[in-house]
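*Asks:* What follows is a structure written as structure tokens; I'll ask about it next.
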Amino acid sequence: MAAHRREGVAGYVFLSPWLLGLLGITAIPMVGSLVLSFTNYDLLSDWSELKWVGIHNYTRMFTDDPHYWHAVKVTLVFALVAVPLKLSASLAVALLLNKERRGTGLFRGLFYLPSLLGGSVALALVWRAMWAKEGAVNGFLALFGIEGQNWINEPDWALHTLVVLAIWQFGAPMVIFLAGLKQIPKELYEAAAVDGAANWRAFWHITLPGLSPVIFFNLVLETVHGFQGFTSAYVISGGTGGPIDSTLMYTLYLYKAGFGDYQMGYASAMAWVFLVAIAVITAVLFSTGKFWVHYGDQS
């Protein structure tokens, strides 16, 4: 018993840094933000002015804040466009790189490189410079006699630059797709070739079903990531969500409410609504998985 007790104590000792981090960095701040979401807490006000306002922040959000619904719309448009295109691009490139040819390893690394930078500020700054009026994109178009746009400062085009940036970072899902493609037995393709099946039939009846768990994983991951987009929108718009709120993502508006307008109570309410929305979207995706995701142990 003494030995088991010592092992148990040792286990708790090794777990304690993680538990302390969970409590101090995640659990306690989350509970605190939930409480603040029912108050009028303002970063510039004294704690003595703190008042309990009930669900006022939530009702204001849904009924008396047009900027909120605009941010929801921008985020939905971004996610609904960027996520399918990013997954399609990553799957297409994975299919090309799945065939062993000379230089394939080099191309895998090159395609994955943008994902290593992720949502970094440096990458967003470079992207902003590329799409500026005198940037590299317009310089390239000028070679073909095409007049470029003021991409970053045009409301009709600004969000498109964020979508293209998201698609360009397709390296991470591409690598996951490659790993999934390696798990599909080659014998299935050989049998399909013997039966005279065309490539598109093999793709539809073998590749997609065999890859469906990986597609599902990438879909959930990229959907959540798409809704959480912040850094690129902040840097490219200069923190304003402009021009004319065309890049006002939900997380950017939340940031502006909390650290721009100092309305931390209202920002906390927005954060909790966002958390619930992400949870609901994820639950919906999981509920649809049973209809199209095929696992290897299923008959």
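Placement of Cβ uses the backbone N, Cα and C atoms for every residue, glycine included.
Unlike curated entries, TrEMBL annotations are predicted automatically.
According to TrEMBL, the feature domain 'ABC transmembrane type-1' maps to 72-285. Annotation source TrEMBL lists transmembrane segment at 12-38, 76-97, 109-130, 157-181, 202-221, 233-255, 267-286.
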*Asks:* Checking distant contacts: for the transmembrane segment (157-181), what same-chain residues at least six beyond its ends satisfy Cβ-Cβ under 8 A?
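*Replies:* Here the qualifying positions are 74, 77-78, 81-82, 85-87, 89-91, 93-95, 97-98, 108, 111-118, 123-124, 127, 131, 149-151, 207, 210-211, 213-215, 217-218, 221-222, 226, 229, 232-233, 236-237, 242-243, 246-247.
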*Asks:* Quick test of the contact rule: Cβ under 8 Å, at least six residues beyond the ends. What residues does that give for the transmembrane segment (76-97)?
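*Replies:* The answer is 104, 107-108, 111, 159, 162-163, 166-167, 169-175, 177-178, 181, 207, 211, 215, 218-219, 222-223, 226-227, 229, 249.
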*Asks:* What residues in the same chain, six or more past the boundaries of the transmembrane segment (267-286), come closer than 8 Å to it by Cβ-Cβ distance?
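*Replies:* Same-chain residues near the transmembrane segment (267-286) but 6 or more away: 33-34, 36-38, 41, 57-58, 61, 68, 216, 219-220, 223-224, 227-228, 250-251, 253-255, 257-259.
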